[in-house]
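Trainee: Shown below is the structure under consideration.
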């Protein structure tokens, strides 16, 4: 609703929208299917009620089986019904993060505290943890507003060494990302994607 309001009321004097939304074409089909499915569920539950109360069986085993099937179908019907809310009005949302800085100033951004937890350098390789930290540090966000903390419960010397080397690499990596507006700011992902194009000027420069 917020996105629709922004889109409907957008004028040249209004601030640029941060997101817009539009309904999907399958909305009508989803609602029709829900009506048909709900009718089938009601028919099934009615059949269970008739078998239990209107035409009860004398066998305890038969009654127990029918009752258990009735309870199971009730549970499944509840699970299905509780999952229909987001199918009744599905939307496609498009974000415009580039408009954020046109609406608020850097000093008005909220502060972010990010915690990275690791414990075992063998189950959680230090290179993966380092890539996570470098990706967060390279966020397109005011640097004075974001703080990143690493908690190593295992006290690994290997992890400490990896972060010491990462700190040296970050002096080159972070300015490189901002200067060239790199989208994939995880070093591992970036270098893997550029490995297929080793003649790229950006790849040569960061090497």
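Backbone N, Cα and C define each Cβ position, glycine as well.
Predicted automatically and left uncurated, TrEMBL annotations should be read as such.
Quick paste of what TrEMBL says about this protein:
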{"type": "BINDING", "residues": "123, 124, 153", "note": "UDP-alpha-D-glucose binding site"}
{"type": "TRANSMEM", "residues": "28-48", "note": "transmembrane segment"}
{"type": "TRANSMEM", "residues": "60-83", "note": "transmembrane segment"}
Trainee: Within 10 Å of each Cβ, count the other Cβ atoms and name the one among the binding-site residues 124, 153 with the highest count.
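Mentor: Counting every other Cβ within 10 Å of each candidate, the maximum falls on 124.
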Trainee: To test your reading of the UDP-alpha-D-glucose site: which residues beyond 123, 124, 153, same chain only, put their Cβ within 8 Å of the Cβ centroid of those residues?
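Mentor: What remains near the Cβ centre is 118, 119, 120, 121, 122, 154.
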Trainee: For the UDP-alpha-D-glucose site made of 123, 124, 153, how many Å separate the two farthest Cα atoms?
Mentor: 13
Trainee: Would you count the other C-beta atoms found within 10 angstroms of the C-beta of residue 123 (UDP-alpha-D-glucose binding site) for me?
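Mentor: Excluding its own Cβ, the number within 10 Å is 8.
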